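A short worksheet on the structure shown next.
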């Protein structure tokens, strides 16, 4: 059962919040944390890649991939391609973002995978990858049988939404973890950087909520589902 309202207002809000969240995390990484670099004497610049790419990839582009079915007035086949490509880009950025965190830790002598955030993060990226590959071979190419696609579709939706919720929740956990480390190192608990990080986390959560609201609301454009289970 979905909401008796159109998805359009939620998708508009999602687009706006995505831009705001990306601007905020870039301001944090560049203005407060010194910038981004893959190779640097200051290893913190390597780590800064992590929150930027994770937010841009799994949260923002991943969210846009989810709402593309509700927001784009295109044929189902075209929307399936957009959905697949956006999730593929999100997955790639997520992998690079996690790699940046490992690189920072390894070059700084910091242990890996010691926190709840890191454990959930590995689980999210693994599930995201499995979900993407299964969607590719089942719904896109080579494509499963009509019965398999029909049976898989509800699970594909439920697992996808569940992984996305985990990703959004874990991003908030990551902001909290990093800010706690910074505050223990001298960052003012009521300073501008602390407020920026907390506000970025809140915007991220609200963005995720708007994505979910668009999913459970009505299509903004008329749908023709005759090809709902056809492979491309």
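Placed from the backbone N, Cα and C atoms, the Cβ positions cover glycine too.
What TrEMBL records for 7-29, 49-69, 81-102, 114-141, 153-175, 195-216 is transmembrane segment. The domain 'Cytochrome b561' annotation in TrEMBL covers 13-216.
Across the residues of the domain 'Cytochrome b561' (13-216), the predicted structure has a mean pLDDT of 95.
Counting residues 6+ beyond its ends, the transmembrane segment (195-216) has Cβ neighbours under 8 Å at 2-3, 7, 10-11, 13-14, 17-18, 20-21, 24-25, 27-28, 32, 55, 59-60, 63, 66-67, 70-71, 161, 164-165, 168, 171-172, 175-176, 178-179, 182 in the same chain.
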